[in-house]
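Have a look at the structure below before the remarks.
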Amino acid sequence: MSLGALMEEKRRATTSSSSSQVHMSNDIDWQMLDKSRFFFLGAALFSGVSTALYPIVVLKTRQQVSPTRVSCANISLAIARLEGLRGFYKGFGTSLLGTIPARALYMTALEITKSSVGQATVRLGLSDTTSLAVANGAAGLTSAVAAQTVWTPIDVVSQRLMIQGDVSLSKHLPGVMNSCRYRNGFDAFRKILYTDGPRGFYRGFGISILTYAPSNAVWWASYSLAQKSIWSRYKHSYNHKEDAGGSVVVQALSAATASGCSALVTMPVDTIKTRLQVLDAEENGRRRAMTVMQSVKSLMKEGGVGACYRGLGPRWVSMSMSATTMITTYEFLKRLATKKQK
């Protein structure tokens, strides 16, 4: 029996006499999906979302590795003047190719865990609200860990391409800027493998897990709780019944709410992770991978705690826009991929 069916059965048994019960929009479980349509349509829809949001990720990355505080407007103007439109999409091909398998892995782990843990919590007699929060939190944790095995190497390659050509970095960080010049993603892959070996693709992997696993768990748990709370107020304030338009509004607001806190809490760790992945340290005339402590000391020297929050603006916007579009696209995708009832 699916999670949705179990929760519906529980509702009928415990709240059949209550007319004031606020129900969430019908949840589509993993067993209800046509997997081939789910992954094919997902690749197309999420590729479109990634294309639209990629320039914001480039701005965020350049701010995080910048030795001084530079506004998004100035970075945007510099990229437009010196690099043109292509500057906003450096590393995009590599990112897109890696995002497709990473997203498939992420969605698979997310849905399977959500379904399995959800069924277990319902059988344990937990309330609907608690079951949703626990299932979504566990699903967010496992999906982030699974996806990082693919996303970390893609991040290392694409972020190095993103900052290539940034004149301010070459001028102010001559001792830590990676000296390699990359023609494209394949060339970057080949050179990283030659200079650093396979470990070079997993720079910052541990801190990536520390960044994304808890963040994802908190995001999905808070999203489910925010969705239930906002949906309740939406229906009570406007006397709406469940409808597609109302569901989209609630999902978008819930996603934006969950993203704001997540961006603020995880920003320092994300800045350290980004620097570990793209910058080198110089010791005794030799370049080597930067350590966490070296990255932290460098940030403290450059601007204290405030330096850890460089790029917060575009990251907040990126996470909010990405989460809002991703979750509405994701829920829409699940409806498109639902198996036809026989």
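Keep in mind that glycine also has a Cβ here, set from the backbone N, Cα and C atoms.
Residues or ranges marked as region 'Disordered' in TrEMBL: 1-20. As annotated by TrEMBL, repeat 'Solcar' applies to 34-116, 131-229, 246-336. Per TrEMBL, the feature transmembrane segment maps to 38-59.
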Discussion item. As a quick check of your reading of DSSP, tell me how many residues in the repeat 'Solcar' (246-336) are helical, how many are strand and how many are coil.
Written reply: 76 helix, 9 strand, 6 coil
Discussion item. Can you work out the mean pLDDT of the predicted model over the repeat 'Solcar' (34-116)?
Written reply: 85
